Amino acid sequence: KMAAAAGSGAAAALWSEVNRCGQNGDFARALKSVNKILQISKDDVTALQCKVVCLIQNGNFKEALSVINTHTKVLTNDVIAFEKAYCEYRLNRIENALKTIQSASQQTDKLKELYGQVLYRLERYDDCLAAYRDLIRNSQDEYEEERKTNLSAVVAAQSTWEKVMPEDLGLREATYELCYNSACALIGQGKLNEAMKKLQRAEELCRQSLSEDSDVTEEDIEAELAIIHGQMAYIMQLQGRTEDALQLYNQIIKLKPTDVGLLAVIANNIITINKDQNVFDSKKKVKLTNAEGVEHKLSKKQLQAIEFNKALLAMYTNQADQCRKLSASLQSQSPEHLLPVLIQAAQLCREKQHAKAVGLLQDFADQHPANAAEIKLTMAQLKIAQGSVTKACMILRSIEELQHKPGMVSALVTMYSHEEDIDSAIEVFTQAIQWYQQFQPKSPVHLSLIREAANFKLKHGRKKEAISDLEELWKQNPKDVHTLAQLISAYSLVDPEKAKVLSKHLPSSDTLSLKVDVDALENSHGATYIRKKAGKLAGDNQQKEQGQGDVKKKKKKKKGKLPKNYDPKVTPDPERWLPMRERSYYRGRKKGKKKDQVGKGTQGSTTAGSSELDASRTASSPPTSPRPGSGTAVSATSNVIPPRHQKPAGAPATKKKQQQKKKKGAKGGW
């Protein structure tokens, strides 16, 4: 009895210690006291619950879950459902957390809050929205603002990932979180300018909120603003302002934010801007997308987009095996998705395997008819690249849902015209017109196609067929003067009498009210300019004609110029018109004393100029090398020796070599 009493007294002291530590937030010390209590009573339900709570508060979620699972008889799901579900949620075991919540006998407010978070992580946005609405409707506490923020986050996710038009929740955007979520919803709708204004407002509110706390530094504020700036950069990228977006993205990366999800998204967006350029930067940035925990921070579509870009980057960096591996993995995860098969086809095309690429696309189109249209468009593009225009046309015409579209009709007619297959082009027009006659007879596209078909037929000499189309147009709108004029013009080439009959339906010139102000037209800038220019030209012509007449009247013979030393008393030289060499008194020039006397002097002697006439020296020395000591510039060719490799001009070795070359040249040349 005394031992039991002592034990109960010790337990009471420990419980008071646990209570005091819990109120002070010292859960590490509280855990020590709880463990001591469990040594006294190992199956104490309250002590086990306190231990789990202490472990959760200390961030030891695995150990807390282990305690729960090892004491299932005592800690039943009804007793500790919230703590178990929360541990599973924090350990990213989201499906297990959902099962734990749903198996609880009583749905407390705490479980409902956690249920909303779990549904959001599972991307079940409709159920999540309903859960938060129920919480806001039935709760009255200090966490109402957080619930509204979560509700707006769900609406933003629906708008972004499911393209659902968000409803107006009537929330007062008093916090930067609410402003940010509202901006995300606007981005999902494509209202980029409005979204940018919301983000700017969110930035202002964030700065105001954080600057009130004296302990918060400017670096802390910038770190909190990183996610807002990231969305701003994304809007800039969508608007085509890639340089501004890239600058802002890099500023965020320099801050080194702790949010791995934010860093992964920014790195991915930079890679999309780089595309096939700056691949080394992209290879650095892709490492940020592989950080630990990224898969738990991003949505499935975000993770999928990152994987697609990894495959494309592997293709751009000529890592063919890696590209095939990544695209095959993506295709196995999403068999109906277009991008993996398109990436594989692009890789095959880079390897010049066009036929294999077309076959791959054809197999996918057969297996997934719902996505066949986009695949067949790609196949047609590949065929055009190969020069098989007719085959490309056949593929395009097999896309039934696009046959009547004006863009498709225009493309097919252009391609058939290029191949000079006019019959097939007219057949394309006919099929499209028949579709509109059956389903949309009053559509403006229908009439436009008939007119285009008529013009095409007239251009290629199919006058009778064109007349049939124009008559159809005129019947539908007898007041259309333009169509009537075209019809008369066509008939004038085939049946002039019919053209005369139809011309009676044209309105008379009296009924045509042109409503042209002649005075205003004449006084307009263009008319004044033309009138002035015409008058100026006329005046110039008159002056020119008058000037020519004056020249004819006043034309006089000019007097010849006499030499300065002219003497009228001296008779001029009769041979002055002949060149000096041909005159009778020419004796030739006097020979200069300094001219070289070629062939004179003693045998074997040389003159200053003889070296220039030596053929052996010319043949043996490089034509582009400068003479030693000369200042002549040399063109930069491959034969030029750099100056530092040349020997001095007066070196005896150089003279010796030159003499040897001279002797050899003399023997061979003479």
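The backbone N, Cα and C atoms fix where each Cβ goes, glycine too.
Please treat TrEMBL annotations as automatic predictions, because they have not gone through curation.
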Annotated stretch (coiled coil, per TrEMBL) among the listed ranges 94-149, 430-485: 94-149
The compositional bias 'Basic and acidic residues' (564-585) - residue tally per DSSP class, helix then strand then coil: 3 helix, 0 strand, 19 coil
Within the repeat 'TPR' (226-259), residues counted as helix, strand or coil by DSSP: 26 helix, 0 strand, 8 coil
Rounded mean pLDDT for the residues that make up the coiled coil (94-149): 90
